[in-house]
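Heads up: the structure comes next, in structure tokens.
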Amino acid sequence: MLNALVALMNFVVIPATAYGAQLALGALGVTLIYGILRFSNFAHGDTMAFGTMVTILLTWALQAAGVSLGPLPTALIAMPVGILGAAALLLLTDRFVYRFYRAQRAAPVILVIVSMGVMFVYNGLTRFVIGVDDQRFADGERFILSANAFRDWSGLDEGLALRTTQAITIVTAIIVVAALFWFLNRTRTGKSMRAFSDNEDLALLSGISPERVVMVTWLLVAALATIAGTLYGLDKTFKPFTYFQLLLPIFAAAIVGGLGSPIGAIAGGFIIAFAEVAITYPLRKILSYLLPEAWEPAGLVQLLATEYKFAVSFIILIVVLLIRPTGLFKGKAV
Amino acid sequence: MCPPARDGTTEDEPVTDAYSDRGNKDRSIANPRDGASMSSSLKGEATPSTETAFLAGIDMTGGYGRGADILHACTVSVDPGEIAVIVGPNGAGKSTAMKAVFGMLDLREGRVVLDGQDISRLSPQDRVAAGMGFVPQVRNIFTSLTVEENLEMGAFLRRDDIRPTMEQVYDLFPILRDKRRQPAGELSGGQRQQVAVGRALMTRPKVLMLDEPTAGVSPIVMDELFDRIIEVSRTGIPILMVEQNARQALEIADRGYVLVQGRNAFTGTGRELLADPEVRKSFLGG
Ligand SMILES: Nc1ncnc2c1ncn2[C@@H]1O[C@H](COP(=O)(O)OP(=O)(O)O)[C@@H](O)[C@H]1O
Ligand SMILES: [Mg+2]
């Protein structure tokens, strides 16, 4: 029984929580853009890739120079610069691409297509600089709690491991989300962003400057995307194509939670992550501890092969769109 | 941030899809036109009281975008201490006239004067900064923000201490003080209108424009709102408002304008209009 619980923690709960935090941060970026700029930004995955790439390049330079954070990954020092890099890229894109369409009050569909074009440009840029292959940049202590250490300490058959990157992901996500909500709910600029998102015309009649709101939005998005991307890269590996693929679970998270709703983005991130991990994980081991020997399942009890993990996001997305198009937290209808 | 922006009061704004809440199709109020160039020609034959009024839209002609003209030489004005009321049938162009005075559509002819200055070329934002407060007919509050945040956003342009003004608004509308931490979208119709008026008052405007402030509220709440509006007017702020409830509105009006198909059909003091048999027959139901 305890063994089942530990196995569940080890193989489902902890990985899904870390992954959920990464998706939530990604979905927050998507939802902010949707709330303020009113379009679904297909370039978001590649924005994450770009910010992460800048972080990685600096991390390598720091590692070469012998700088280190001890047990923590060096990438944490490099991340602020990655954020600045992503911010510069986003602001330049806004200045030369999105602003043009905004001035014409272009329909959101047009902006979505434009963002796809931007996506291809970012995509090429990242591949051109760092290549298409897997890159490893994690360093420092690998485990906070290793499976063997846990087994020795508890006397159970099952081990429980907590990787440093998982812990860092969860802690960072909590800090970032708390800071974001403080900003949106307590500061004048944050409130003006919410007001703009709520009722653009009235915001203008109140003297809120749209260009400033848009600029602050891109800055926040740069930070969220780079942090999400770096945490994901530390936890798994960095490969530009994977970041493009992340678009689906991230959009699913944002839409499931309700586009435009930050709380929804967080909830959506965890829903998608838990569903994906639980459905693609072979539950046999956990069941074998719970059921009498005679009932022990013959197969792996894996509901879907890992290759199909994106199908999970997709199915959840479709179901939510059919049943509750505004998402769980009443965002704007898609 | 964003429960849906729709607030259920969108009566003259067809909702097509989620993307349509990009706002109305008026000339973009996001593109400030700079500089108040003084228009020199004072050709109009307007009555003296209009010429010298604190706020006046004079001989306004124009429509939305490239569409046909909706206003035809329409004139409205108001002076300090006064309440000016625009009445008229649905679709007469009352809201359009208000938007024109606020710079939300291009005028082909005519001009808008505030405190002796021609402000025809100012953007709506610049008109806010110049001291005009406007409560639109629909979508006039931030539904997902709390009552207090709505008031704060009203004062966005101010850099001084806004607490005293907020207290004044709460004194004027005591119910808002009790509800200040509630999302404005959760309030009743009458309370929302109070939030809308309160938001506009937060800039400490020199003139207040209200488009149907009593739309969709019960008769009791309507009387209450009228009382509050009179109270605001007593503080010296000129009020230009559109009203559906013509009779009640004209009773408190120092100036009344009956608009029909974008033209001034009748103009006079509220009492004159109420006494005019023609007006009574056509617009006040006998
Ligand atoms: N945003 C808009 N774009 C184009 N036409 C509009 C718009 N708003 C109103 N109209 C048209 O302008 C005319 C006057 O409308 P409006 O000023 O809202 O009338 P009122 O407020 O007197 O009921 C109507 O024919 C209406 O269809
Ligand atoms: Mg109207």
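A Cβ is built for glycine as well, from the same backbone N, Cα and C atoms used for every other residue.
Just so you know, TrEMBL annotations are computer predictions that nobody has curated.
Feature annotation from TrEMBL assigns transmembrane segment to A:12-37 (among others). Sequence-distant contacts of the transmembrane segment (A:12-37), counting only residues of its own chain at least 6 positions beyond either end whose CB sits under 8 Å from a CB of the stretch, comprise 44-45, 47-48, 98, 102, 111, 161-162, 165-166, 169-170, 172-173, 176-177, 180, 193, 196-197, 213-214, 217, 220-221, 224-225, 227-229, 231-232, 235, 246, 249-251, 253-254, 257, 259-262, 264-266, 268-274, 276-278, 281, 331-332.
Residues or ranges marked as transmembrane segment by TrEMBL: A:49-69 (among others).
Sequence annotations record features per position, and here TrEMBL assigns transmembrane segment to A:75-93 (among others). Non-local neighbours of the transmembrane segment (A:75-93) in the same chain are 43, 47, 50-56, 58-59, 62, 67, 69, 118, 122, 137-138, 168, 215, 218-219, 221-223, 225-227, 230, 233-234; each lies 6+ residues outside the stretch with a CB under 8 Å from one of its CB atoms.
Taken from TrEMBL, the feature transmembrane segment applies to A:105-125 (among others).
Annotation comment: TrEMBL describes A:160-184 (among others) as transmembrane segment.
Among the features that TrEMBL reports, transmembrane segment is placed at A:213-234 (among others).
As annotated by TrEMBL, transmembrane segment applies to A:303-323 (among others). Sequence-distant contacts of the transmembrane segment (A:303-323), counting only residues of its own chain at least 6 positions beyond either end whose CB sits under 8 Å from a CB of the stretch, comprise 245, 248-249, 251-253, 255-256, 271-272, 275-276, 279-280, 283, 334.
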Intrachain neighbours beyond the transmembrane segment (A:105-125), with Cβ under 8 angstroms and 6 or more residues off its ends: 37-43, 45-47, 49-50, 89, 93, 97-98, 240, 244
For the transmembrane segment (A:160-184), sequence-distant contacts whose Cβ falls under 8 Å of one of its Cβ atoms, 6 or more beyond its ends: 6, 9-10, 14-15, 17-18, 21-22, 24-25, 28, 71-73, 76, 138, 140-147, 150, 154, 190-191, 193-194, 220, 223-224, 227, 231, 234-235, 262, 266
Sequence-remote partners of the transmembrane segment (A:213-234) [C-beta within less than 8 Å, at least six residues beyond its ends]: 18, 21-23, 25-26, 28-29, 32-33, 36-37, 44, 47-49, 51-52, 54-56, 73, 75, 79, 82-87, 89-91, 94, 102, 135, 137-138, 165, 168-169, 172-173, 176, 180, 183, 189, 192-193, 196, 203, 243, 246
